[in-house]
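Novice: Here's the feature list from Swiss-Prot:
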- 1-33: transit peptide (TRANSIT)
- Lys72: N6-acetyllysine (MOD_RES)
- Lys72: N6-succinyllysine (MOD_RES)
- Cys138: active site, acyl-thioester intermediate (ACT_SITE)
- Lys188: N6-acetyllysine (MOD_RES)
- Lys188: N6-succinyllysine (MOD_RES)
- Lys190: N6-succinyllysine (MOD_RES)
- Lys272: N6-succinyllysine (MOD_RES)
- Lys291: N6-succinyllysine (MOD_RES)
- Lys293: N6-acetyllysine (MOD_RES)
- Lys293: N6-succinyllysine (MOD_RES)
- Lys298: N6-acetyllysine (MOD_RES)
- Lys332: N6-acetyllysine (MOD_RES)
- Lys332: N6-succinyllysine (MOD_RES)
- Lys348: N6-acetyllysine (MOD_RES)
- Lys361: N6-acetyllysine (MOD_RES)
- Cys458: active site, proton donor/acceptor (ACT_SITE)
Amino acid sequence: MTILTYPFKNLPTASKWALRFSIRPLSCSSQLRAAPAVQTKTKKTLAKPNIRNVVVVDGVRTPFLLSGTSYKDLMPHDLARAALTGLLHRTSVPKEVVDYIIFGTVIQEVKTSNVAREAALGAGFSDKTPAHTVTMACISANQAMTTGVGLIASGQCDVIVAGGVELMSDVPIRHSRKMRKLMLDLNKAKSMGQRLSLISKFRFNFLAPELPAVSEFSTSETMGHSADRLAAAFAVSRLEQDEYALRSHSLAKKAQDEGLLSDVVPFKVPGKDTVTKDNGIRPSSLEQMAKLKPAFIKPYGTVTAANSSFLTDGASAMLIMAEEKALAMGYKPKAYLRDFMYVSQDPKDQLLLGPTYATPKVLEKAGLTMNDIDAFEFHEAFSGQILANFKAMDSDWFAENYMGRKTKVGLPPLEKFNNWGGSLSLGHPFGATGCRLVMAAANRLRKEGGQYGLVAACAAGGQGHAMIVEAYPK
């Protein structure tokens, strides 16, 4: 019997799994605050012989907004174009020096399936600049970035723009399969008799719309259900999840008020006011959060709207270059993009444990340990997902039985973890979050005086990603 197929109704919070995944209590608010930054000593650089250094010059994003708000009348390429335009203004990079543009997205608008190309043309890039779009669920922007890293490291390109976009306010809603088939057959009919025969087969239930799938294709389970079962399997309580969500919103509000979210660029929405900041940051109270009912597994689940990331519209873009090219153009890069790793697990049993599996692999590849990391930036799909990953990473038993490791991965110190908020509070436009994570790590390293950042994320399909970001010397 696997972790997540253990019967939910027989798995109380104080289950035998809690004994396996012993961890310091997370239900103490004082432990969920970000501690003041500590200046770190310079460590070794991760430069590798005969491999080009790839640097982040800068990165921007549109404000991340709750779906159905100010961006609801736009198309995805409008948001992507805004991110590209913001990047051009921020960096003053000549459009003609950009060799390639790569964007990530998840739910594609059929009119602009290659949204990277349409956005690039709309932003004024040359029609001679190639662009393509990738999709890898919540790590689509990560894939866009690492594809760019590969093109630069191999010498194919010097200058790449990588980013991502998602517009959840207007997802494609299709006719039913029966209606689509009928319309296609009618289009092929060559006589009135054939058309009348086909029309006679029409039934009113053909008009029922087909909404975008919210469940995993391979398992038929929604991510929220999986998060609820994961939290139960790792004995993560409702209170712990609510406290972590409150931490995320509180830290995001503090960072927003102090002007630390410098990657956000204003966006003048056509026909509306200029949007200048994320609108999903809403610090509440544990008392208010406790009033919410379970969102997925009812009535006993612990995942709610308050401790889950919300549907978000937004776009991001980053300028990445070969180090020698950036310096030749007079830029002062923000960070190096170093080793990265992609992983995959069983989507039924371990859908959201990508960070647990990817973290030790990327650390070993880079020759680092958890103690070397100064800034952790993990994607927060759900509070329960983050806390379950914490418990898995801090468990020798899990490492031995599920990861084939002799010892546990280790627990990220909360005082270094998502100090400016995360996806729970800032929002999660599926295709754009990866760039936000990397820029948060890069900006935190510069602000806090650290050297290494670790970015990690889970994704639909049971996949995950982790990357090492190294601060560029001041």
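The backbone N, Cα and C atoms fix where each Cβ goes, and this holds for glycine too.
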Novice: Taking Lys188, Lys272, Lys332 as the modified residues to compare, which has the smallest set of other Cβ atoms within 10 Å?
Specialist: Lys188
Novice: Indicate the candidate from Lys72, Lys298 with the smallest number of other Cβ atoms within 10 Å of its Cβ, considering only these modified residues.
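Specialist: Taking Lys72, Lys298 as the modified residues, the minimal 10 Å Cβ count falls on Lys298.
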Novice: Please identify, among the recorded positions Lys188, Lys272, Lys361, Cys458, the one with the smallest Cα-Cα distance to Lys291 (N6-succinyllysine).
Specialist: Cys458
Novice: What three-state secondary structure does DSSP assign to Lys332 (N6-acetyllysine)?
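Specialist: DSSP assigns Lys332 (N6-acetyllysine) to coil.
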Novice: Out of Lys72, Cys138, Lys293, which of these recorded positions is nearest Lys190 (N6-succinyllysine) by C-alpha distance?
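Specialist: For Lys190 (N6-succinyllysine), the spatially nearest of the recorded positions is Lys72.
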Novice: Distance check, please: Cα of Lys332 (N6-acetyllysine) against Cα of Lys188 (N6-acetyllysine), rounded to an integer number of angstrom.
Specialist: 60
Novice: Restricting the comparison to the recorded positions Cys138, Lys272, Lys348, Cys458, which residue's C-alpha is spatially nearest the C-alpha of Lys72 (N6-acetyllysine)?
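Specialist: Smallest Cα separation from Lys72 (N6-acetyllysine) among Cys138, Lys272, Lys348, Cys458: Lys272.
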Novice: Nearest to Lys298 (N6-acetyllysine) by Cα distance: which of the recorded positions Lys188, Lys272, Lys361, Cys458 is it?
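Specialist: Sorting the recorded positions by distance from Lys298 (N6-acetyllysine), the top entry is Cys458.
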Novice: When the Cα-Cα distance from Lys348 (N6-acetyllysine) is computed for each of the modified residues Lys188, Lys272, Lys361, which gives the smallest value?
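Specialist: Smallest Cα separation from Lys348 (N6-acetyllysine) among Lys188, Lys272, Lys361: Lys361.
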Novice: Using only C-alpha positions, which one of Cys138, Lys272, Lys293, Lys361 is spatially nearest Cys458 (active site, proton donor/acceptor)? These are the recorded positions in the record.
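Specialist: That would be Cys138, nearest by Cα distance.
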Novice: Neighbour count first, Cβ atoms within 10 Å, every protein chain included; then name which of Lys190, Lys361 tops the list of modified residues.
Specialist: Lys361
